[in-house]
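Asker: Structure provided below as structure tokens; questions to follow.
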Amino acid sequence: MDKNELVQKAKLAEQAERYDDMAACMKSVTEQGAELSNEERNLLSVAYKNVVGARRSSWRVVSSIEQKTEGAEKKQQMAREYREKIETELRDICNDVLSLLEKFLIPNRSQPESKVFYLKMKGDYYRYLAEVAAGDDKKGIVDQSQQAYQEAFEISKKEMQPTHPIRLGLALNFSVFYYEILNSPEKACSLAKTAFDEAIAELDTLSEESYKDSTLIMQLLRDNLTLWTSDTQGDEAEAGEGGEN
């Protein structure tokens, strides 16, 4: 199937909410080796975000059930085995994406915006791996995530307006990384607040086409700040849950 047909099929799969099919199409497009257009890049991102998101959600539910079944050995064993099955799927998906990033996407990009987008993606998928990692593996995975986010963050500060949705989405996810993975609420709040304040100060630079995406992510940053600075702690919002790239 040629590239245009694969892209069309990916769009069809998205409308049908068949994200595994959508991801398979965009994986094939990526493996053809050409640099992806913005539209193709977003299709790839949306597909895998949904594919991995379903497993992350399942993993949280089953982990919670596993913890609650202490004392009921058979039930706990069943929950543990099921969690491990979901973990295997989740790891395979993350490794798939990380392989595409390393082999094709990061080397083939020509614009700083694309580099930030793909390095953010690399940080995200190592973060998802870190959520389910344990023991000796975890530190290396966490380091990989932090390095990718940090590199993306440095480039975004040099090359992008504070209101750019990719720069804002990166700040959002990097702050979630500090809060959830590194257990550093002060650093998470500082990063999120700085990103929000810098964007507010330059609202007049917002382009019409990115207005909706940027303001949505700013709202998510503010929601997280409210959550993190209050006594109640729930699930943090994350870029992509609403309408980020």
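Glycine is treated like the rest: Cβ placed from N, Cα and C.
As listed in Swiss-Prot for this protein:
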type	residues	note
MOD_RES	MET1	N-acetylmethionine
MOD_RES	LYS3	N6-acetyllysine
MOD_RES	SER58	phosphoserine
MOD_RES	LYS68	N6-acetyllysine
MOD_RES	SER184	phosphoserine
MOD_RES	SER207	phosphoserine
MOD_RES	SER210	phosphoserine
MOD_RES	THR232	phosphothreonine
SITE	ARG56	site 'Interaction with phosphoserine on interacting protein'
SITE	ARG127	site 'Interaction with phosphoserine on interacting protein'
Asker: Between the Cα atoms of ARG127 (site 'Interaction with phosphoserine on interacting protein') and LYS3 (N6-acetyllysine), find the distance and write it as a whole number of Å.
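Answerer: Their Cα atoms are separated by 30 Å.
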Asker: To the nearest whole angstrom, what is the C-alpha distance linking LYS3 (N6-acetyllysine) and LYS68 (N6-acetyllysine)?
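Answerer: LYS68 (N6-acetyllysine) has its Cα 48 Å from the Cα of LYS3 (N6-acetyllysine).
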Asker: If I take the Cα of SER210 (phosphoserine) as reference, which of the recorded positions MET1, ARG56, SER58, SER184 has the closest Cα?
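Answerer: In terms of Cα distance, SER210 (phosphoserine) lies closest to ARG56.
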Asker: How big is the gap, in Å, between the Cα of SER184 (phosphoserine) and that of ARG56 (site 'Interaction with phosphoserine on interacting protein'), rounded to a whole number?
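Answerer: Between the alpha carbons of SER184 (phosphoserine) and ARG56 (site 'Interaction with phosphoserine on interacting protein') there are 22 Å.
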Asker: Between the recorded positions MET1, ARG56, SER58, LYS68, which lies closest to SER207 (phosphoserine), Cα to Cα?
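Answerer: That would be ARG56, the closest of MET1, ARG56, SER58, LYS68 to SER207 (phosphoserine).
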Asker: Within 10 Å of the Cβ of SER58 (phosphoserine), how many other Cβ atoms are there?
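Answerer: So the number of other Cβ atoms within 10 Å of SER58 (phosphoserine) is 17.
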